[in-house]
Amino acid sequence: MPTDANADAGRRALELQTRNAELAAGETVTEQDVQRAREHAQSSRTRAARAHDQAAVGHEQAASTHRDAALVHDQAADDGVGDLVAHRAAADRHRAAADDDESEARRAHSEAVAEGADEQ
C-alpha cells in the first residue's frame with residue numbers, strides 16, 4: 001500500500017508541476033482548474049487521514065505484541081528459566097517499546113482526526 005500511495009502522490013505532484021508551469025507560461029485559470037484543485041486537496045486530506053488511522057492501528061498492534069512479550073519474559077524470570085536478569089531487562093525493554101508505540105498511536109490518531117476535521 002505505501003508504494004501505491006507514493007506512486008500516486010508522485011504522479012499527482014508531477015501533474016501539478018506541469019499545470020503550474022502551464023499557468024506560469026500565461027494560461028488563465030479556469031473554473032475547472034479550481035474544481036480539480038479542490039477535489040485534489042479533498043482527496044489528499046482523505047488519504048492522509050486514512051494513512052494516519054492505519055498507522056495508529058499498526059502502533060496499537062505493536063504495543064500489544066510488546067506487552068505480551070514483556071509478560072513472557074516476566075513469567076520466564078518468575079519461573080527461574082534462563083538468565084533472570086536478562087529476562088527482566090528484556091521485559092523492561094518491551095514495556096518501554098510498548099509505551100513508545102502507544103504514544104505514536106495516540107499521535108497518529110490525533111493527526112487522523114485533524115485531517116478529518118479539515119475535510120469539514
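Just so you know, glycine gets a Cβ as well, placed from its N, Cα and C.
Copied over from TrEMBL:
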type     : residues : note
REGION   : 23-70    : region 'Disordered'
COMPBIAS : 33-42    : compositional bias 'Basic and acidic residues'
COMPBIAS : 87-112   : compositional bias 'Basic and acidic residues'
REGION   : 87-120   : region 'Disordered'
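Listed as Cβ neighbours of the region 'Disordered' (87-120) (distance under 8 Å, sequence separation of 6 or more from its ends, same chain) are residues 42, 45-46, 48-50, 52-53, 55-57, 59-60, 62-64, 66-67, 69-71, 73-74, 76-77, 81. DSSP places the residues of the compositional bias 'Basic and acidic residues' (87-112) in helix, strand and coil in these numbers: 26 helix, 0 strand, 0 coil.
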